[in-house]
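Visitor: Below are the structure tokens for one structure; questions will follow.
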Amino acid sequence: MQGDPEVLRLLNEQLTTQLTAINQYFLHSKMQDNWGFTELAEHTRAESFDEMRHAEAITDRILLLDGLPNYQRLFSLRIGQTLREQFEADLAIEYEVMDRLKPAIILCREKQDSTTATLFEQIVADEEKHIDYLETQLELMDKLGVELYSAQCVSRPPS
């Protein structure tokens, strides 16, 4: 099934964003684990896998529309050197995803591609949850202070 070239461009742009997020979250999770924040690392790793599922769905859609998924391009990774920097970097990429998705949904509807629009809407719903989580973590860090917040992210050894 031949897809609209503009819709295929938007799908590949969103694929690039998701592939970038996968790498950024995965590296952040490995760093968090290395720092001893194992519970936080597990959550961040799961977010990386959520982004992978988005990339898979976008890839499937591109292929169905007879397009070629571009896995060779990534946006710049923002790797935080502290938990706060990581949350801020992850939040920035989530805001960028939303800034790209909302006009893309409108264009897909204009092009009569409701399936791609629905896919993008599902991704928006997932990203809204992640934005809420990241904003909450930054608020907690501000309220508790970095040290107390960080202490909450460490797994307790089994007794």
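Glycine is treated like the rest: Cβ placed from N, Cα and C.
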Visitor: Please identify which of GLU85, GLU94, GLU96, GLU110 is recorded by Swiss-Prot as part of the Fe cation 2 site containing GLU51, GLU127, HIS130.
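Guide: So, going by the record in Swiss-Prot, that would be GLU94.
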Visitor: Let me know the most crowded of the binding-site residues, choosing from GLU51, GLU127 and counting other Cβ atoms within 10 Å.
Guide: GLU51
Visitor: Can you break down the domain 'Ferritin-like diiron' (1-145) into helix, strand and coil residue counts using DSSP?
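Guide: Reading the DSSP string over the domain 'Ferritin-like diiron' (1-145) gives 116 helix, 0 strand, 29 coil.
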Visitor: Taking the mean position of the Cβ atoms of GLU51, HIS54, GLU127 as the Fe cation 1 site, which residues outside that list, in the same chain, have a Cβ no more than 8 Å away, listed in sequence order?
Guide: GLN18, ALA21, ASP50, ARG53, ALA55, VAL97, ILE123, ASP126, HIS130
Visitor: How many neighbouring Cβ atoms, not counting its own, are there within 10 Å of the Cβ of HIS54 (Fe cation 1 binding site)?
Guide: 24
